[in-house]
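Novice: Can you keep this structure in mind? I'll have questions shortly.
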Amino acid sequence: MVVSIDPSVVHQMGPLRSFLVKMGLASTSDHSSVVAITLFVTLLCACIVIGHLLEENRWMNESITALIIGVSTGIIVLLISQGKSSHILVFSEELFFIYLLPPIIFNAGFQVKKKQFFRNFITIVLFGAVGTFISFAIISAGALLLLKKFNIGPFDIGDYLAIGTIFSATDSVCTLQVLSQDETPLLYSLVFGEGVVNDATSVVLFNAVHNFDLTHIDGITALQLFGNFVYLFFTSTALGVAAGLLSAYIIKALYFGRHSTDREVAIMILMAYLSYMLAELFYLSGILTVFFCGIVMSHYTWHNVTESSRVTTKHAFATMSFIAEIFIFLYVGMDALDIEKWRMAKRSPGTSVGLSGVLLALILVGRAAFVFPLSFLSNCLKKSPNSKITLRQQITIWWAGLMRGAVSMALAYNQFTSSGRTKLTENAIMITSTITVVLFSTVVFGLMTKPLIRLLLPHNLKGHSDPSSPKGLHFPLLGNGEAEGADGLPVRRPSSLRMLLQAPSHTVHYYWRKFDDAYMRPVFGGRGFAPYVPGSPSGVRDDTWR
């Protein structure tokens with residue numbers, strides 16, 4: 001089921017409902033869906049218009065705007081339904097993970113500046129994987145020690161570990177709204193790249209908490225958990241790469257553009273979504289799969305389609321991602337006033353507020369516990385001073401990753417509700433506390449991120465050119481094997497293991513480009529390799545893009 005309609009709300013909107021049913025234009029259930037979807041689409045339009053009007057505001061962004069509109073609409077719906085319900089749609093994990101999240105993550109991979117992302121790949125994996133484990137351990141241990149003092153219920157070890165996974169999941173969607181890839185490319189690649197790996201790691205940990213026997217936790221269980229994560233990480237990545245390469249080969253070999261550009265656009269969209277669904281089918285990480293599928297498609301497939309299809313796909317992916325992002329925040333905002341759970345938690349309001357404060361404190365400590373130590377470790381591995389993460393950048397990375405969003409909501413609903421509903425007071429308190437943490441972190445931390453960047457990193461704003469930007473190096477396709485650095489001086493061709501250790505990113509990039517040009521591009525296409533056109537030789541090179 002795509003959406004779950006709240007009938008108590010629609011029932012209150014009587015005149016239009018009765019008219020359509022009497023005219024035979026809609027059944028009662030059909031009309032409920034029509035009313036709910038109509039209202040939601042109207043709210044989406046309002047979010048876009050208001051977001052446009054606030055475009056120049058240094059504090060607001062469209063995600064926060066949608067969240068505020070969602071909460072405001074929830075209050076209005078609550079009044080209309082006479083306190084029976086506050087939302088039109090009931091929060092659904094299926095809707096979030098199957099329909100809304102894939103286009104957002106895919107577009108992020110499709111639009112990401114690949115050179116910047118892979119140049120910082122080790123740091124991203126450190127933050128996203130190792131950092132998530134550290135945050136998970138701290139939040140779980142803190143919950144185990146502190147939540148018992150609130151006497152909210154008989155939680156077992158599995159519940160405390162689930163709380164650790166729920167609140168260690170950062171909000172990569174909100175990161176897209178508060179950070180700019182053009183103004184702060186290094187921060188964007190680190191924080192968003194970490195967010196993608198973090199979301200995948202959190203979901204893997206959450207599933208492991210449910211699948212593993214937690215009554216006897218020992219070293220073997222920990223190794224099994226780590227091995228399961230490594231397996232999912234590499235297999236999910238491989239599946240995404242394979243799906244992207246397959247789409248590139250199909251479009252290059254068949255050249256759909258000869259007859260219809262619609263077909264090549266359709267095959268790109270469907271292959272991207274297929275990669276996510278295959279990952280879910282085989283119990284892998286769909287988030288990682290569709291992200292790397294987007295990276296591979298942007299590197300190969302996108303250059304194999306016609307010029308008109310390139311424009312179409314670029315804007316189509318961005319538009320679907322944009323609508324899904326606004327939908328999620330509007331959805332979360334409206335669901336934040338779930339009256340049933342708030343009524344149950346009302347029996348102990350001080351407990352709910354205190355629990356939310358403890359969880360926020362654990363999030364702050366858990367993130368600080370890995371951002372600064374792992375940044376130090378990452379800096380030790382880097383030779384160039386320009387590529388190291390400064391203290392100001394570390395503070396910004398720590399702050400920008402504090403936001404919690406729909407992933408945390410979805411995992412909390414999975415753990416503490418059944419089909420979005422619960423009859424246990426302790427579970428209702430956990431849901432309302434999660435909602436409070438999500439709203440507070442998104443609004444407060446989200447509002448403060450842009451001003452914080454302007455305060456700490458004014459020189460990194462748009463217009464500044466620094467060696468760490470994606471355009472800082474230029475590698476010619478043909479020539480003497482040298483590359484121009486940011487200062488215009490040549491970077492010599494790597495010739496030894498010592499050069500590899502001294503400049504690993506330049507060296508790996510150099511050999512990757514040689515392999516890519518010699519073996520990958522002739523088969524899968526990409527920049528410089530035109531698809532087959534009747535009447536012209538296949539694989540015609542065009543080096544002007546360099």
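Glycine is no exception: its Cβ is also placed from the backbone N, Cα and C atoms.
Pasting the feature list from TrEMBL:
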- 47-453: domain 'Cation/H+ exchanger transmembrane' (DOMAIN)
- 33-54: transmembrane segment (TRANSMEM)
- 66-83: transmembrane segment (TRANSMEM)
- 95-112: transmembrane segment (TRANSMEM)
- 124-148: transmembrane segment (TRANSMEM)
- 229-251: transmembrane segment (TRANSMEM)
- 272-297: transmembrane segment (TRANSMEM)
- 317-337: transmembrane segment (TRANSMEM)
- 358-377: transmembrane segment (TRANSMEM)
- 397-416: transmembrane segment (TRANSMEM)
- 428-448: transmembrane segment (TRANSMEM)
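Are these features on the surface or tucked inside, and what are their neighbours?
Specialist: Same-chain residues lying 6+ beyond the ends of the transmembrane segment (66-83) with a Cβ under 8 Å from its Cβ atoms: 8-9, 12-13, 43, 46-47, 50-51, 326, 329-337, 339, 439, 442-443.
Below 8 angstroms of C-beta separation, residues 117, 155, 157, 160-161, 163-165, 167-168, 189-190, 193-198, 200-202, 205, 229, 233, 355, 358-359, 361-363, 365-367, 369-371, 374, 377-378, 397 of the same chain, each at least six residues beyond the ends of the transmembrane segment (124-148), sit close to that stretch.
Within its own chain, the transmembrane segment (317-337) has Cβ neighbours under 8 Å at 40, 43-44, 47-48, 51, 62-64, 66-75, 77-78, 86-91, 95-96, 99-101, 103-104, 106-108, 110-111, 173-174, 176-177, 269, 405-406, 409, 435, 438-439, 442, counting only residues six or more beyond its boundaries.
Using a Cβ-Cβ cut-off under 8 Å and counting only residues 6 or more beyond its ends in the same chain, the transmembrane segment (397-416) has close neighbours at 91, 93, 96-97, 100-101, 127, 159, 162, 165-167, 169-175, 178-179, 187, 190-191, 194-195, 198-199, 202-203, 206, 328-329, 331-332, 335, 363-364, 367-368, 371-372, 375, 389, 422, 427-428, 430-431, 434-435, 437-438, 441-442, 445-446, 448-449, 452.
If you look at the transmembrane segment (428-448), the same-chain residues 6 or more away from its ends with a CB under 8 A from one of its CBs are 59-61, 63-64, 67-68, 71, 152-153, 163, 166-167, 171, 174, 177-178, 329, 332-333, 335-336, 338, 340-342, 344-345, 348, 351-353, 355-356, 359-360, 363, 399-400, 402-405, 408-409, 412-413, 415-417, 422.
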Novice: Based on Cβ pairs under 8 Å, which of the stretches 33-54, 95-112, 272-297, 358-377 lies most in contact with the transmembrane segment (229-251)?
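Specialist: Top-ranked stretch among 33-54, 95-112, 272-297, 358-377: 272-297.
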Novice: Which residues of the same chain, at least 6 past either end of the transmembrane segment (358-377), have a Cβ under 8 Å from a Cβ in it?
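Specialist: For the transmembrane segment (358-377), the nonlocal Cβ contacts are 123, 126-127, 130-131, 134-136, 138-139, 142-143, 146-147, 163, 167-168, 389, 394, 397-398, 401-402, 404, 433-434, 437, 440-441.
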Novice: Sequence-remote contacts (6 or more beyond its ends) of the transmembrane segment (95-112), Cβ cut-off under 8 Å?
Specialist: 2-4, 89, 172-173, 176, 181, 189, 192-193, 196, 272-273, 276-277, 280, 286-287, 290-295, 297-298, 302, 317-318, 320-321, 324-325, 327-328, 331, 406, 409-410
